[in-house]
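Following: one structure in structure tokens, then a few remarks.
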Amino acid sequence: MAGSGGPIGSGALTGGVRSKVAPSVDFDHSCSDSVEYLTLNFGPFETVHRWRRLPPCDEFVGARRSKHTVVAYKDAIYVFGGDNGKTMLNDLLRFDVKDCSWCRAFTTGTPPAPRYHHSAVVYGSSMFVFGGYTGDIYSNSNLKNKNDLFEYKFATGQWTEWKIEGRLPVARSAHGATVYSDKLWIFAGYDGNARLNDMWTIGLQDRELTCWEEVAQSGEIPPSCCNFPVAVCRDKMFVFSGQSGAKITNNLFQFEFKDKTWTRIPTEHLLRGSPPPPQRRYGHTMVAFDRHLYVFGGAADNTLPNELHCYDVDFQTWEVVQPSSDSEVGGAEMPERASSSEDASTLTSEERSSFKKSRDVFGLDFGTTSAKQPVHLASELPSGRLFHAAAVISDAMYIFGGTVDNNIRSGEMYRFQFSCYPKCTLHEDYGRLWEGRQFCDVEFVLGEKEECVQGHVAIVTARSRWLRRKIVQAQEWLAQKLEEDGALAPKEAPGPAVGRARPPLLRVAIREAEARPFEVLMQFLYTDKIKYPRKGHVEDVLLIMDVYKLALSFQLCRLEQLCRQYIEASVDLQNVLVVCESAARLQLGQLKEHCLNFIVKESHFNQVIMMKEFERLSSPLIVEIVRRKQQPPPRTPSDQPVDIGTSLIQDMKAYLEGAGSEFCDITLLLDGQPRPAHKAILAARSSYFEAMFRSFMPEDGQVNISIGEMVPSRQAFESMLRYIYYGEVNMPPEDSLYLFAAPYYYGFYNNRLQAYCKQNLEMNVTVQNVLQILEAADKTQALDMKRHCLHIIVHQFTKVSKLPTLRLLSQQLLLDIIDSLASHISDKQCAELGADI
């Protein structure tokens, strides 16, 4: 996805951490492995995942509105158009995000006619407005959609209409628009009679030489829709939900600009143990930041939810973002975190809070305020709304306006603080280990053909109890055979041998598995996923059915669910009979039921029974289909919760905590104290260990642990092992000092651990742990942190002096504290003397 004030883990997204938000720096393996030059910034910071209510737009500046657009340019938000409930608007408002002030933007030239449900994008130093709905909504006259294109130049305030020759997109409103590769792209919308799903693009570099082009889309094109958002991330355009009549869904689609192909992204929330996608909705917003898409608001089945949903583009999972605790305290000011303050004892991070609805707590306040107000304002969650608009500046999202309860237009502005950390590479690292087949120590002999597939005992025994038993049986058989042959001393201590540079492969026979589906199963054990086959292709569906059979036999609930999701989503008229027959042959009852129910549907049955494949079905299956059609069985919805099994992270956590002790094959020495571990796991996660085990494997199977010249504490060493085995980044702040340089020294594949260590140090120094951190800073020569700890001790000495750990400090550290106290008292006396003079 937690420790005290910890940052985001690999599970649900949570708030309550103060951060500069983007601690990710370029990963440079040539960087010094010492923390002596570590520079820390002790605030004040904005809280990660904090909502803040900013000054609303006053009526004398601009009306409350909905169905408008907002764009971000430099340090300002620009609001154009919309409606105030009575009339359409075409004013342009500007909100300065630095001083939180509203004003009317300077404009010259002829602006677009008043409109709403238009689109606005930024390209270069201009804003482009396309289409929308115009006319007089009060008298219900002259209402029509537009397909005009206007440019607003921020530098001069000049409005200009682009006159385009040739074919034009049909006039529309409530469409999606974005900029990519110097072009404006528009998709779908409403033309006054029907919803659309066509796409058009136009170059924005030179209006004299450009024209509209219709895009030939392919793939799984979204249904015709309107009132939906689009966002670009990872060179792809994403579309989520929207109004599609009877076809409205909560599907997420992605569009590849290069080959102009759409793909519907499958959801696997049951399998991954993550929350489901947001409800289907319309009138919502979606913005992109880092590798995430953020969806807020909209109308979802007659409700106005105010949860913020986050989609991870890399891992294809949805999460509900938990707001920081200070988002929920009305009237609270943002606390300062200055290192010179005597309130340094308040440097604790807030506990992670569970999400609460705020619409019943916070009322709407549109009272008149000045156009410029202090930054430190009441922190509140925005209420649910639709037809609002959102934009991103730096590391924050700004949401303005919209329609709230009782059809009231809003003039509120809210700010949401993003988080940004390097992604977890755990699954990728183990995937590379599987693909590379280095350090394999087990060979599975499969089926009657005795095909061989190699793997790693540590990964396999961590993920599958069934395969673990087979491996243990093979080890016991081999040990007995060697003992009978006289190759093993009878009195040798039990347990795995360590230190062999190239131990022989352990052979494990599995007669019930064939090589190809078993390799897919192995890929899942290493990565928690399988590479998606071609959807609907009979060969691929049958392969996954074989994998499904193995998952049932090996009791891999997680893989079982994944296979079922893929197969059920892939069943269509072309392959249903083949899949049904295969399911009957493999005795896969649930899949067979799914196929039978698919066949006997009114819209499918006549087509299926006229196929040639139907004539070749076995007689019992034909009889079952006919009887199912004549007398469908009663539906019995199951209330049984779905068992999704354990994840890779959960299994590796249990493995480190003791479940894998009998399979250790390397010993790590910390100050002479042994810690058994697993070579394959260390090599997968660290290029340092990979190179050592490949070329410089110690003969005695023991590796001394240090980080450069420094030996970490036992506690910090265990924190590092937790990161290596299952990607855990939460740890006590003192551990972060030891491990700050670990990503460079041990060659981790990105600086995720370092980013969390840096934030942990900046955030979580308190009176309660300052002495432990002082000791760690002294040992690691982290001078910046040591000065900060001494500063806190001096200003909070009354509290620190009562801590029992003070009496356990070394003599030198006690002298450092006395020196700092003397200096502080001297400076204070000088200041008082100067004031008296």
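Using N, Cα and C of the backbone, Cβ positions are placed for all residues, glycine too.
Look at Swiss-Prot and you will find ALA2 tagged as N-acetylalanine, backed by similarity to another entry.
The feature repeat 'Kelch 1' is assigned by Swiss-Prot to 76-125.
Residues or ranges marked as repeat 'Kelch 2' in Swiss-Prot: 127-182.
The repeat 'Kelch 3' annotation in Swiss-Prot covers 184-235 and rests on sequence analysis. Under DSSP, the residues of the repeat 'Kelch 3' (184-235) split into helix, strand and coil as follows: 3 helix, 26 strand, 23 coil.
Residues annotated as repeat 'Kelch 4' in Swiss-Prot, with sequence analysis given as evidence: 236-282.
What Swiss-Prot records for 292-338 is repeat 'Kelch 5'.
According to Swiss-Prot, the region 'Disordered' annotation covers 324-352.
The repeat 'Kelch 6' annotation in Swiss-Prot covers 396-447 and is backed by sequence analysis.
The feature domain 'BTB 1' is assigned by Swiss-Prot to 440-534, with sequence analysis given as support.
Ranked by Cβ pairs under 8 Å to the repeat 'Kelch 6' (396-447), the stretches 76-125, 127-182, 184-235, 236-282 are led by 76-125. On the 0 to 100 pLDDT scale, the repeat 'Kelch 5' (292-338) averages 79 in this prediction. With helix defined as DSSP H, G or I and strand as E or B, the repeat 'Kelch 6' (396-447) counts 14 helix, 20 strand, 18 coil.
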